[in-house]
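A short write-up of the structure that comes next.
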């Protein structure tokens, strides 16, 4: 099995990194690294424990997983089916407006649109050019499904579309003259409302509340149980809107749902299932790689107090960028996420105030010659961080001729300083305001650190201007992504974290600041998430313009990180207690279990 760990060629984006981790820069090794356990002394009596459960994933088991349905025959079949779908898109002019839109929507939800990005963009561009900046106003209930779907798809792809297209429908809603029993149209309208920006008052105040109420009434109406598929779609939409969902998990759900549709396309369904299995195989190779890396570091085995969550750390990256050709990027970001998890646990749980000051200074100075100033358990952590980040920087320098290590260093230093602020708040019993808490918490949630490493790994040509804006925390889309991640985390984890000893989270800060109940505070935080999505939608539209510094793919990945947070924390602390929060089941579904092929 060793060949799976070392010899398997990673799936990579750039040819020059094909030997990633096979030839590495010289590593620094501490003399005491062969056995690095936390110091056994009376000081340990003052240390806290997170009481985290062990990993749900055995390393040997991970090395053994494979998709039995992926073979040369299926790869050839996918190629043939892909050509058929491509032909459908090329001959789309013979289809109606609604048929074109539904085909694009199906391709996206089935997870295969990445094969046809140019064709899809051409179709949507034609829609936009034909209609002008404002689509015709929808004045008939029977046109609502097509108009709402077009609105959502165009906005999702960065085209400017005004909410005014719904003015006639809004007038009917407000005058109680809207008449339609087509729940499909209402669900489509509901989903479209989540592409709103902060200036879209009609979507916020009229359309979303109306559509939500209509869907709830449909779900609650026992006489509607005859249409099981529509009922499932309605419940699914109310649970989390499509725009906020983790794309890959949605794909797995929709493949099953699509086959139940009366008008489903047989070869499109087959194409989606085969493609899912092939992509899953790429993800399985990634998991084997990062699991071997984690085992080699000894962080999980030697630092008993940290969360052993390498699979969950990798799972985050599938939510960020799932396409098979980006395996190198997923592996890099998974390693970054694993290091973040370890360091977070040191600051949150184990480190003393004095030790945390030392570690923060060490990361800020990035001086390996001062390693002996750290306690033994911190040496292993810092040395691993030092080696991995320098190796990543070396890869970028070789491939892209730019030294990004100073930017990486600053990002990690800022993260550790944010962790230290929270540790001091907890130690001193300080209760920050919501504003003060969030100014620090959007950094301490680690999204800026993850995204700067993503940017350097992904970008073919790295811009110093963008790097500077990222490390200076000037990119609003990063702040928005981090804010959603922080608030989703707070809603799911704050009770457990407070019980074991941690700084107040946004819910408790708002309760303390305003005197409201916990239920009211949680509602307020949920509203903060919704408002932040509006900001992020605006940033995504801005990024679609040619003058934008950030690529659309970077912005989409930042949004995907926010989506992933709502998946990970939907049912509780998916990172700390993955089995209780249904994350183990979701990992099993996406990374282990293939889709059976007839």
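Keep in mind that glycine also has a Cβ here, set from the backbone N, Cα and C atoms.
For 307, 344, 348, 486, 489, the entry in Swiss-Prot reads (2E)-geranyl diphosphate binding site. Taken from Swiss-Prot, the feature Mg(2+) 2 binding site covers 344, 348, and the record attributes it to similarity to another entry. The annotation Mg(2+) 1 binding site is assigned in Swiss-Prot to 344, 348. The feature Mg(2+) 3 binding site is assigned by Swiss-Prot to 489, 493, 497. Taken from Swiss-Prot, the feature motif 'DDXXD motif' covers 344-348. Annotation source Swiss-Prot lists transit peptide at 1-30, citing sequence analysis.
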Exercise for the section: Please report how many Å separate the Cα atom of residue 486 ((2E)-geranyl diphosphate binding site) from that of residue 493 (Mg(2+) 3 binding site), as a whole number. Expected result: 10
Handout entry: Site diameter for (2E)-geranyl diphosphate, Å, by largest Cα distance between 307, 344, 348, 486, 489
Key = 19
Problem - DSSP-derived helix, strand and coil totals, residue by residue, for the motif 'DDXXD motif' (344-348) - result: 5 helix, 0 strand, 0 coil
Handout entry: Long-range Cβ environment of residue 344 ((2E)-geranyl diphosphate binding site), under 8 Å and at least 6 residues apart
Key = 419, 446
Practice task
Would you mind reading off the Cα separation of residue 307 ((2E)-geranyl diphosphate binding site) from residue 493 (Mg(2+) 3 binding site), to the nearest angstrom?
Solution key: 14
Fill in the blank from the handout: Around the Cβ of residue 486 ((2E)-geranyl diphosphate binding site), other Cβ atoms found within 10 Å total 27
Exercise for the section: Check residue 486 ((2E)-geranyl diphosphate binding site) against DSSP and tell me helix, strand or coil, would you? Expected result: helix
Problem - Confidence summary (mean pLDDT) of the motif 'DDXXD motif' (344-348) - result: 96
Handout entry: Residues near residue 493 (Mg(2+) 3 binding site) in space but at least six apart in sequence (CB under 8 A)
Key = 505, 569, 573, 576
Practice task
Could you tell me which of these binding-site residues, 307, 348, has the greatest number of Cβ atoms within 10 Å of its own Cβ?
Solution key: 307
Practice task
Any same-chain residues 6+ apart from residue 489 ((2E)-geranyl diphosphate binding site) with CB under 8 Å of its CB? Would you list them in sequence order, or say none?
Solution key: 445, 565, 569
